[in-house]
Amino acid sequence: NMKLAVMSKKLWCVHKVLVLLITPLLFSPLLVTLPEKEGRCLYVVLLMAAFWCSEALPLAVTAMLPICLFPTLGIIPSQKLCPQYFLETNFLFLSGLVLASSIEEWGLHRRIALKVLIIAGVKPAWLILGMMMTSSFLSMWLSNTATTAMMLPIANAILESLFGDLESLKQKCKPMEDRVNGLLDAADENDTRTAEEIRSESEYQMRVWKGFLVCIPYAASIGGTATLTGTAPNLILIGQLKNNFPECDVINFGSWFAFAFPLMLVFLLLGWLWIAFLHGGLNRRLCFKHNRRAEEEAQARALIEEDYKKLGPLNFAEGAISFFFVLYAVLLFTRDPKFVTGWSVFFKKGYVSDAVTGVIIVSILFFFPSQKPSLGWWLDPKASNAPYVPLLSWKKAQEAVPWNIILLLGGGFAMAQACEESGLASWIGGYLQPLVKVPPAAAMMLITAFVACFTEIASNTATIIIFLPIIAELAFHVSVNPLYFMIPATIGSSYAFMLPVSTPPNSIAFASGHLMVKDMVKTGFVMNILGLLSIMLAINTWGMAMFNLDTYPDWAHPLNQSAVHTLNATP
């Protein structure tokens with residue numbers, strides 16, 4: 001047994017290397033048993049899927065494997081493959097990130113967060129709602145990870161002013177005999193409650209604390225789905241639509257927002273009710289006055305207001321960033337909103353995309369002044385000649401760019417391209433024929449549920465990269481509008497709530513050390529179900545009407561003419 005334990009520890013130390021060495025051998029039979037091109041492509045896809053799920057290589061490095069493997073295996077030449085790594089979708093993503101970095105640079109996001117909390121009030125249930133609304137709004141524009149990293153310290157400061165520090169709270173939750181001696185002597189002299197009352201109160205406060213920590217990463221994940229730039233899977237959907245269905249122009253920033261924002265609100269509300277119910281019961285204690293608590297809440301409110309006062313009045317730079325931020329959003333929404341004529345009609349048709357808009361706004365930030373320009377400065381010989389500081393420096397913008405995500409997006413587009421070119425997508429589609437008998441609504445439900453489960457163990461970007469080409473092919477075989485399957489799957493891939501490893505926001509909240517895996521699983525399991533129900537509702541009601549999902553569109557003919565011949569040939 002000793003030997004076994006030692007051996008297993010040693011194996012765990014090198015498990016990533018073992019995955020790297022063993023997986024290629026495990027999948028090698030595919031190279032000889034399947035048709036040549038399809039087999040080779042499937043080999044690479046499965047290899048990348050295995051590496052992504054086990055993180056045997058960093059995600060971005062795995063995303064570069066197509067450049068090594070597809071050309072050498074004769075699937076697709078590198079001139080065709082490499083441009084996939086920086087499509088216009090990446091520029092839209094990049095402009096969103098750079099704008100977000102300037103918002104962070106001038107502290108505007110903190111001002112927004114504290115303002116919302118002042119409005120929401122400090123009763124735990126309302127505070128949780130305030131936290132969720134702020135986190136989801138910020139993560140529509142900032143990355144989910146940045147939002148979580150910023151909101152958690154604010155949450156902890158508020159919790160400490162409500163409930164005191166965490167260690168003594170943990171002590172109070174223990175039964176009488178386990179407590180550290182001396183804790184009781186230090187207890188409040190005028191506290192007339194029995195030890196049991198103190199303990200049950202402390203346990204309640206501990207639950208609220210956990211509710212707080214868990215609601216922030218969840219709200220960030222939900223908020224990311226509302227805008228195209230909010231999270232990587234949404235951009236992968238756009239990239240793959242452009243790739244597979246060049247004539248499809250149904251989805252852009254504005255039309256996506258019109259669909260996904262109401263969905264986000266529905267899910268946020270359901271999620272809030274569930275988290276508030278689970279972590280402290282949606283009872284009278286949580287929403288209404290309770291004399292002992294009134295003082296603590298007054299303290300917490302004072303803390304938030306104090307923090308807000310410290311920010312001082314809105315300065316020129318914050319005002320300017322707010323203006324460009326609003327302008328960015330308005331220009332993206334109104335470029336081509338589909339239900340009314342957008343401003344893109346002033347330009348040559350099909351020339352100006354969301355990426356162009358994003359890059360225009362971001363370029364302005366690099367020369368727009370962060371101090372109010374004044375005529376007096378030119379006329380006053382004594383005025384200080386400080387260097388000119390624009391709203392954003394290249395150094396800051398460079399730090400903000402997560403190259404790993406950009407490579408990951410590129411790897412996804414490259415993989416999709418290879419699946420098309422090699423005929424792997426249509427070959428898999430042939431095997432999905434039995435699903436023709438399943439009603440589309442049920443098939444959509446199954447696909448979304450499957451993707452939402454898979455994304456718990458793999459990164460959401462990797463998940464959607466692997467499954468979107470297959471889902472598109474399935475839709476073609478079943479003669480259903482591809483968007484009816486692809487949109488729910490894309491949004492479902494962001495709904496990873498159950499494990500700390502599922503998304504970076506979950507990991508950050510878990511790393512604070514106060515959550516247990518079981519807390520996340522318990523809360524997250526129901527969150528996943530609520531998320532699926534919200535998607536079902538959205539896609540079958542306003543989604544149907546907005547994107548005409550009940551008709552098979554003209555743009556959805558398959559790229560591979562060979563696929564059509566095989567279909568026509570099959571009796």
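Quick reminder: no glycine exception, Cβ is built from N, Cα and C everywhere.
Bear in mind that the values here come from a model prediction, so they are computed numbers and not experimental data.
Per TrEMBL, the features are as follows:
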type	residues	note
TRANSMEM	43-73	transmembrane segment
TRANSMEM	85-103	transmembrane segment
TRANSMEM	123-142	transmembrane segment
TRANSMEM	212-236	transmembrane segment
TRANSMEM	256-282	transmembrane segment
TRANSMEM	311-331	transmembrane segment
TRANSMEM	351-368	transmembrane segment
TRANSMEM	443-471	transmembrane segment
TRANSMEM	524-545	transmembrane segment
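Against the transmembrane segment (212-236), stretch 123-142 has more CB pairs under 8 A than any other of 43-73, 123-142, 351-368, 443-471, 524-545. Segment contact is absent for the transmembrane segment (256-282) and the transmembrane segment (351-368), given fewer than three CB pairs below 8 angstroms at sequence separation of 6 or more.
Contact between the transmembrane segment (443-471) and the transmembrane segment (85-103) is absent: fewer than three CB pairs lie under 8 Å, with pairs separated by 6 or more positions in sequence. Within the same chain, the transmembrane segment (85-103) packs against the transmembrane segment (351-368): three or more Cβ pairs sit under 8 Å, each pair at least 6 residues apart. Remote same-chain partners of the transmembrane segment (43-73), defined as residues 6 or more beyond its termini with a Cβ less than 8 Å from a stretch Cβ, comprise 15-17, 19-20, 23-24, 27-28, 30-31, 81-82, 403-405, 407-408, 410-412, 414-415, 418-419, 424, 457-459, 461-462, 466.
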